[in-house]
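**Student:** Below you'll find the structure I mean.
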Amino acid sequence: MKLPARVFFTLGSRLPCGLAPRRFFSYGTKILYQNTEALQSKFFSPLQKAMLPPNSFQGKVAFITGGGTGLGKGMTTLLSSLGAQCVIASRKMDVLKATAEQISSQTGNKVHAIQCDVRDPDMVQNTVSELIKVAGHPNIVINNAAGNFISPTERLSPNAWKTITDIVLNGTAFVTLEIGKQLIKAQKGAAFLSITTIYAETGSGFVVPSASAKAGVEAMSKSLAAEWGKYGMRFNVIQPGPIKTKGAFSRLDPTGTFEKEMIGRIPCGRLGTVEELANLAAFLCSDYASWINGAVIKFDGGEEVLISGEFNDLRKVTKEQWDTIEELIRKTKGS
């Protein structure tokens, strides 16, 4: 193979979503670059069935915030199908009632609905009292209530910042502390699970209030895992990557522009599913995971490790291009 006099390696910084991919190798006027489709997804087909045995949560009480839609609805559906008595909470009572009736009919187990704005500590206190009254002390607590939207940070008002942090951080704290105190009084344990995001750890522009608040949720969960284990309570976190739900995508990708970009940076080649997340959540809240405490589980198809590695975009280089590169490297050895 005839080689050019020079090859320029231009490993630049990542371009914003929606822009043309950067050039990796310049071969004269020809760009050595390979577009890749997410064909690898065929190796990672999602399973839709329940992972745990039937009746794994028989006799258990589960409390799920944000349980009326999306991920919360998916987790509630699975827990109820496995025998749990579920209580769901959110601000929209009409949505909650419809979800509770649908899941109850589907699984044959009663699902209770309680209206609650987690930003209001008095309302949270009343909700927990009603929860205990209708179902008993919870064995499972899933903090799933969330709020988020994309915006340049310099455009955020104090109220916009407060709205997100009040729901995500303060709301999770109010629910966790109120239920925790009641469990301590009753000398009962429970498994707590919080749903955050991978950028709670890495940080991310344009969702700064959410990233900050969810990082706080993770710190709180790990701290309570250390402090309240003596009371029989476990605290774990799931960091989901992109999972297509109507609510989240309507705010974070309203035009559908970025979905292909998202898939392109996931090694498994597809978005996650609600059912997969529900299976992971159910496992972490089950007795099968009784020795898992203080864990933060990434659930992102490998997205974070791909975008974090400086040279991971070399996956787009073809075998023929690698042959060229290898020959060039051999020629320059010792120079």
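Cβ coordinates are placed from backbone N, Cα and C, and glycine is handled just like the others.
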**Student:** Among Lys188, Lys230, find the residue to which Swiss-Prot assigns the annotation N6-acetyllysine.
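**Tutor:** Among Lys188, Lys230, the residue Swiss-Prot annotates as N6-acetyllysine is Lys230.
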**Student:** Of Thr69, Thr255, which one does Swiss-Prot label phosphothreonine?
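**Tutor:** Annotated as phosphothreonine in Swiss-Prot: Thr69.
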**Student:** When a 10 Å sphere is centred on the Cβ of Gly66 (NADP(+) binding site), how many other Cβ atoms does it contain?
**Tutor:** 26
**Student:** Compile a sequence-ordered list of residues in the same chain as Ile243 (NADP(+) binding site), six or more apart from it, whose Cβ lies below 8 A from its Cβ; state 'none' when nothing qualifies.
**Tutor:** Leu71, Leu271, Gly272, Thr273, Val274, Leu277
**Student:** How far is it from Lys244 (N6-acetyllysine) to Ser157 (substrate binding site), counting Cα to Cα, in Å?
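**Tutor:** Ser157 (substrate binding site) has its Cα 28 Å from the Cα of Lys244 (N6-acetyllysine).
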**Student:** Within 10 Å of the Cβ of Arg91 (NADP(+) binding site), how many other Cβ atoms can be counted across all chains shown?
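**Tutor:** A 10 Å sphere around the Cβ of Arg91 (NADP(+) binding site) contains 17 other Cβ atoms.
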